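Under the heading Mn(2+) binding site, Swiss-Prot lists Asn177, Glu243, citing sequence analysis as support. Residues annotated as prenylated FMN binding site in Swiss-Prot: Ile180, Tyr181, Arg182, Arg194, Trp195, Leu196, Arg199, Gly200. Residues or ranges marked as active site, proton donor in Swiss-Prot: Asp292.
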Amino acid sequence: MKYKDLRDFIAMLEQQGKLKRIAHPVSPHLEMTEIADRVLRAEGPALLFEHPVKPDGTRYDYPVLANLFGTPERVAMGMGADSVSKLREIGQTLAYLKEPEPPKGIKDAFSKLPLLKDIWSMAPNVVKNAPCQEIVWEGEDVDLYQLPIQHCWPEDVAPLVTWGLTVTRGPHKKRQNLGIYRQQLIGINKLIMRWLSHRGGALDYQEFRKLNPDTPYPVAVVLGCDPATILGAVTPVPDTLSEYQFAGLLRGSRTELVKCIGNDLQVPARAEIVLEGVIHPNETALEGPYGDHTGYYNEQDHFPVFTVERITMRENPIYHSTYTGKPPDEPAVLGVALNEVFVPLLQKQFPEITDFYLPPEGCSYRMAVVSMKKQYAGHAKRVMMGCWSFLRQFMYTKFIIVVDDDVDVRDWKEVIWAVTTRMDPVRDTVLMENTPIDYLDFASPVSGLGGKMGLDATNKWPGETDREWGRVIKKDPAVTAKIDEIWEELGL
């Protein structure tokens, strides 16, 4: 499914009946959230609000795109796959790139050449003239209030930029980092950059600040980027591969980049809107509270202030937005789809893993259920520790349930059956204190630091129990086949 940019993707969705245009005037203040939430819960289409209205009743100049990733199928489309199941192939590619195996022979080496050729042929293409710079606002012309920025929940402190793709670069680094961080609107040219300390953008900023304590730090924020680049920013791409290169691989065409007008950062040339600016030394502001993906309003905290010096955009740009709230929301749907990418990555490191599931009800990452082919006593605990430590995405996972491969991790009835019949609460529970936790998790005793629990719901091996272990009841296949043959005659 090849497409060039967000507009191309929108046209493809509309042609397939997967996008709905809303001509009725709708306010970004609460109303868009209400509509998008109802549509997402009904597994409905992406939405293009053509006439957003301001608080005074006048209209914004730009439409709002919402619920773009409201179904796993649309996430898969954005990643260039024709079904959610095909996302595992993307995971297999990432697993190979993360830890490539030496070829087993000449034939095996040649079989890998097409993949490697495809990957390296997708290096970004830098252009001089770009659609995203057709219109330029600078100086006093910069006015973030002219953008239809969504105010999602009644007790949110201010409008919030939600799908901003933040582009940064650390000192002495060639590769740029892409991250999605929410940004509170606090002034005509001011946003609060809420990035957690371990995230790529924050790390780049911290390194820069150590070497340049008095120098403004350049940042670019892309609004209305193509889906492949957005999804590349939230996928565990190996450090040897840039997100822009990975996006090209997903999209089936090289990512076109252009240098920002005011700094050396490169942004997608066909993006809708780009905010260029700096973070000044020691300029922070109190962020929040906001309703977030947990279903609660989060605590306030101080984060750096992003000063927007320039806004560039396409002719008639589209503003891309979303909301986060109690699952299901778009992040939860993204989690369901990206789950399929994670499975091959984990299996590469732990071949005994047969499936892995992040229940969307668990806020996409706070609980994981893993099935495995158990081979020895204590094996389940090894897998628990591996899942917590292997991918950065699972650093904040609070609960991991491990089951045998006869249990469907996506069926809660099966999982609860395993937990209640194969677990002893004392012997089979692993508890850890003072581990990294999402600072939005107000249940932890300290902000950013809390506990983890592992539940070993596997059958126990000698060494783990001295008792005779129960045998699973199974039907007689011959009797089942016989009853199948006469079932219609029974009239049941």
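The backbone N, Cα and C atoms fix where each Cβ goes, and this holds for glycine too.
The separation of Asn177 (Mn(2+) binding site) from Trp195 (prenylated FMN binding site), Cα to Cα, is 13 Å.
Sorted by the number of other CB atoms within 10 A, the recorded positions Glu243, Asp292 start with Asp292, the lowest.
In this structure, the C-alpha atom of Ile180 (prenylated FMN binding site) lies 14 angstrom from that of Asp292 (active site, proton donor). If you count neighbouring Cβ atoms within 10 Å for each of the binding-site residues Arg182, Arg199, the highest count belongs to Arg182. Sequence-distant contacts (6 or more apart, same chain, Cβ under 8 Å) of Tyr181 (prenylated FMN binding site) comprise Gly164, Thr166, Met193, Arg194, Trp195, Arg199, Gly201. Asp292 (active site, proton donor) is 26 Å away from Glu243 (Mn(2+) binding site) when you measure Cα to Cα. Glu243 (Mn(2+) binding site) carries a helical DSSP state (H, G or I). The number of other CB atoms found within 10 A of the CB of Ile180 (prenylated FMN binding site), across every protein chain shown, is 21. The Cβ neighbour count for Leu196 (prenylated FMN binding site), using a 10 Å radius and every protein chain shown, is 17. Distance noted between the C-alpha atoms of Leu196 (prenylated FMN binding site) and Asn177 (Mn(2+) binding site) is 14 Å.
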